[in-house]
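Accompanying notes for the structure given below.
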């Protein structure tokens with residue numbers, strides 16, 4: 001950093017030296033760390049392949065015999081599961097920071113993940129399913145009746161989902177900062193590039209899973225289709241275990257969450273005590289002086305509090321970050337529709353056959369459309385990393401992470417709007433002509449409208465990820481104080497999970513008979529008597545309103561950050577944060 005007393009002539013050589021150092025760091029960002037980074041990226045690739053192996057066709061699995069859950073019920077279960085994988089992230093971050101360290105926490109969570117994954121091939125196999133669900137219950141769940149709305153075999157299904165969800169949550173909270181730790185001493189450019197390739201690995205795992213596992217599940221067998229992701233988790237455990245010799249690891253040094261809650265509690269109590277003194281006419285001068293200070297300053301030792309200056313400043317930084325995470329909730333609500341309501345919509349469009357070799361024709365897996373999102377990311381991230389970002393950086397035009405998040409919000413809003421327009425057209429066509437198609441041994445009454453009309457909404461979500469998701473990860477890691485990186489990464493994923501739960505709650509709300517947008521309660525998977533288009537338009541409207549709010553938040557945050565940097569560098573600024 002530049003000294004506050006240096007003149008322009010002193011700052012220019014220093015600035016040139018910093019640029020040269022940055023260029024050197026970019027050239028050798030991963031030198032000597034490739035084995036460690038490779039092990040982290042391969043672990044994440046295998047874990048994501050397993051995750052998408054569960055989520056890509058879970059709606060179809062629960063929608064079909066012998067489970068026969070309604071389409072809305074299956075979508076709600078998947079949204080709840082994905083919400084759990086994110087909501088549990090703060091606990092995973094706390095476990096690593098306070099007890100185990102990141103490396104051991106990841107290993108433990110992968111073992112728990114594997115245990116939960118074993119439930120799904122057992123549920124899919126008839127011989128073991130009866131032991132888990134009860135044979136009498138299975139015989140009745142395929143026939144509509146007064147108990148049609150009940151979820152067949154729900155205890156075993158949700159038990160497996162909870163175990164997997166807790167494992168995913170802990171991996172998610174820790175593997176991202178753990179991977180960044182391998183290169184963080186190489187500077188912010190190395191960290192930015194690591195996040196690009198980390199997200200690239202996530203989507204490569206998704207493509208492998210959606211391309212192979214989803215096809216096997218839909219056209220061959222759910223037993224085999226769920227056994228493969230179980231093996232992937234086992235391999236991820238082995239890869240990460242073997243990488244222990246090359247990883248940069250740190251022992252647990254206390255939880256930032258514990259300090260955070262203590263400081264928040266103390267500051268609230270301190271404010272209350274000050275208010276009581278003012279109401280009694282005591283210490284008015286002291287109160288007037290403290291009111292000009294931050295709410296948290298009373299916690300500092302320099303102000304008579306029990307906490308160090310550094311810990312209090314870390315919590316103050318956290319408070320400034322949380323509004324950004326809150327504004328991302330509607331983004332995640334729309335994003336998670338990709339594997340739930342978008343799949344329901346796919347199953348009610350004309351799905352082409354891709355093979356007539358077998359006695360039963362193989363159809364294009366509905367989950368394959370998610371690959372358009374993943375393939376787009378796979379192609380554009382290297383282009384962005386190697387060409388676009390360097391050009392923008394040279395010209396000083398590289399947007400901040402918050403501006404990129406705002407662009408991502410716009411594209412995800414367009415995706416929900418496109419889905420609503422398509423669903424409106426589908427509902428009109430299905431009244432004129434209905435075709436019956438068998439997908440995964442379930443008969444769906446679909447509109448005579450090609451599945452390929454869904455491609456735009458998936459591509460729009462893919463574009464949104466390149467901006468919002470990657471920038472969100474980068475923001476969560478770079479804006480966090482060093483002592484709170486795991487905690488803030490956990491909070492980032494926590495609010496992502498809130499978005500999934502909001503989607504599940506909205507879906508349940510519009511499914512009640514008083515509203516009647518979703519579940520018709522006449523057919524387990526049929527959405528032809530529903531108004532899914534209204535749900536999509538509602539999501540687009542919520543995201544649009546949030547985008548306007550986020551623009552205000554992001555401008556204020558960027559102005560404050562620039563003001564702080566200018567003060568730190570001794571450069572006068574006329575802008576007010």
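Each Cβ is built from the backbone N, Cα and C atoms, and glycine gets one as well.
Which of 384-404, 405-425 counts as transmembrane segment depends on Swiss-Prot, and there it is 405-425. When 291, 298, 500, 520 are looked up in Swiss-Prot, the one carrying the note phosphoserine is 298; the rest have no such note there, which does not rule it out for them. For the ranges 28-48, 49-69, 133-153, the feature annotated in Swiss-Prot as transmembrane segment maps to 49-69. Most Cβ pairs under 8 Å to the transmembrane segment (459-479), among the stretches 222-242, 363-383, 405-425, 490-510, 535-555, belong to 405-425. Counting only same-chain residues 6+ beyond the ends of the transmembrane segment (222-242), those with a CB under 8 A from a CB of the stretch are 39-40, 42-43, 46-47, 49-54, 57, 61, 103, 106-107, 110-111, 113-114, 117-118, 120-121, 123-125, 209, 212-214, 216, 440. Counting Cβ pairs closer than 8 Å and at least 6 residues apart in sequence, the transmembrane segment (49-69) and the transmembrane segment (405-425) reach fewer than three and form no contact.
The transmembrane segment (318-338) makes no contact with the transmembrane segment (158-178): fewer than 3 of their CB pairs lie within 8 A, with pairs spaced 6 or more apart in sequence. The stretch in 105-125, 158-178, 405-425 that contributes the largest number of Cβ pairs under 8 Å to the transmembrane segment (490-510) is 158-178.
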